[in-house]
Amino acid sequence: MNMRLSYGMGFILLFIPCSLLVAFTHYPALKALLNSFWNNGSSFRPSRFVGLDNYETLLEDDKLMQVLINSFIYAIGTVPLAIALAIGMALLVNSKLPATGLMRLSFFLPTMLPMVAVANIWLFFYAPGIGLASQLLNAVGLPSINFLGSTDTSLVSMMVVAVWKEAGLFMIFYLAALQSIPTNLKDAARLEGAGSVRIFFTVVMPLLRPTTIFVAVNALINAFRLVDHIVVMTRGGPSNSSSLLLYYIYEVTFGFRDFAYGATLTVLMVVILGILAAFQFWVLDRKAHYQ
Amino acid sequence: MSGPGVSLEVVDLAKSWGAVDVLQDVNFGIEPGGFLTLLGPSGCGKSTILRLVSGLDEVSGGQILIGGKDVARIPAAERNIGMVFQNYALFPHMTIAENITYGLNVRKVPKAEKEKALARVAELMALGKLLDRKPSQLSGGQQQRVALARVLVSDRPLVLMDEPLSNLDAKLRVEIRSEIRSLNKKLGITVVYVTHDQSEALSMSDRVVLMNAGNVSQVGTPQELYDRPANTFAAAFIGTPPMNLLSPEDVRAPATFAPEGGMEARDVIFGVRPESLSLGRAGAEFSATARVESLEYEGKVFLVHLIAPSGTRFIAAHSGDGAPEEGSEVTVGWSASQTHLFSKTDGNRRDFTL
């Protein structure tokens, strides 16, 4: 096996993936950072270097503040809820109950659907008066709510869609983790007199911790990354009540065609995500047990 | 330390999974402080018995009397039984000290008492320096000692062990084997031990329950199992190498030989241990002629692999000088007292007259 690749061939093989990475990841990232220091140019007035002007705008942007608060509520609300639901569903399908195969399929189904399709399904659920949600409310004698049309309910409605969509995927991770826990650990705990709740919190949950960290990181990234349902369902409205950071970036950049400010917001988002990821991996990872 | 052990009596125990019966009519018992081994090939139901006694699985029928009280239908946690698992079942995210005191914490034992108990078993099992480590930082033998400590800390009068040595290397196995045996004697706890290794069973036990396909094949002391196997299964399972089983056409028996119970002489199986066979012994009461197929040097003895005219293979352990040549014809002889007789139809032991 001494067929060594020539340096030329090796260089070509490295060049192809590297150029793709540079063209679509590193160059745009760097360009966004650079753009955030320049103002928005037009055909008759070229853009010029403005230093930190864009960042000053950012600090005074009231709409951004609302979007950040929305994003914060959205993440805090959806991530723990999706995780809790995923663990619950995983425990359910991992149990000895009948029809766990069917349960697995139905829990996982939302994950397989494209987000745009999911959003359209939920548009029908939320439709005022005739939608499933309104009919359920009417059935128990409550007045129907315009879920997407009210500033009080639009963000929560978006969060429900996200949890519904995400929990199934996380369930698969938890199911795999649950099945890798040796049953005799639970047997040993049972013989020591531990009840099933105690076994869950003292034996099962600690052993699921690596999965929880992985899922939490992914869920958090998705909370910032997935805005398809907002585009389809509310367009951030009414009056920005359901707008998230990424949707706001999209709106500023491609709606208002303010590329400089869009780039500035992008830098902000990357910084936020970086801090969150670093926190999760360094702080939570140290407490995790890996076998 | 532990109070004296309790007696265990299993009566007509049965277990089935759906329509499949995995255990039928299992009966055995052990006195307080005794060491009972469940022995058998894999899949014979010995671990199932242990799980039934511990309460981890529910019985389908029969009684389990611990100290004279039937516990077959009470929850595992209330049976006051400790169990050591094959792969130790230590909680990987807890330190050794946390592992050992897990049960004490569940039962809310006061802190001072808990620490005293921990110190006591840590000394007993020589774990003092390891208490702050995690199980993954320990060797297999150390992990097994932690598993034992976790059981001993609660002063359980009855301890079940499910093949506790099978993941250890040969040297450690012998070491921990004698450690378990001396704990049993020193603390007076009753031990029920599961193994598929017959030499382990013979060397450690007060009583052995030999299992075969969900049924008890024989119950007795190790000597009884070795000296008087109750059937051909016990004969072929106990001993290294196990007992030879020969058909009547290969054996020259005395003319007066007659099996008891009205059995024809051709409906029997002769059993004889390899170490009972002597090569070229003229005038022996029983003898057989066979060809030497191969030789195996074992240090103390030669194992002579023989093939009888009917094609049956058997083994003679030859300890004298001058091993026979491969391919040569030899005569092996043995005495009536070394002869075991079994029925060909049901495999059970029979007596005979000369």
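Every residue gets a Cβ built from N, Cα and C, even glycine.
Here TrEMBL flags A:68-277 as domain 'ABC transmembrane type-1'.
Annotation source TrEMBL lists transmembrane segment at A:72-93 (among others).
Within the chain carrying the transmembrane segment (A:105-127), a Cβ under 8 angstroms from the stretch's Cβ atoms is held by residues 89, 93, 133-134, 147-148, 157, 160-161, 164-169, 171-172, 226, 228-229, 231-233, all 6 or more beyond its ends. Residues or ranges marked as transmembrane segment in TrEMBL: A:105-127 (among others).
Nonlocal intrachain contacts for the transmembrane segment (A:155-178), taken as residues 6+ away from its ends with a CB within less than 8 angstroms of a stretch CB, comprise 70, 73-74, 77-78, 81-83, 85-87, 89-91, 93-94, 104, 107-111, 113, 115, 118-119, 122, 126, 147-148, 204, 207-208, 210-211, 214-215, 218-219, 222-223, 226, 229-230, 233-234, 241-242, 244. Sequence annotations record features per position, and here TrEMBL assigns transmembrane segment to A:155-178 (among others).
Annotated transmembrane segment per TrEMBL: A:199-221 (among others), in sequence order.
Remote same-chain residues near the transmembrane segment (A:259-284) are listed as 29, 31-36, 38-40, 47, 54-55, 57-58, 64, 209, 213, 216-217, 220-221, 224, 245-246, 248-249, 252-253 (criterion: CB distance under 8 Å, separation of at least six residues from the stretch ends). Annotated transmembrane segment per TrEMBL: A:259-284 (among others), in sequence order.
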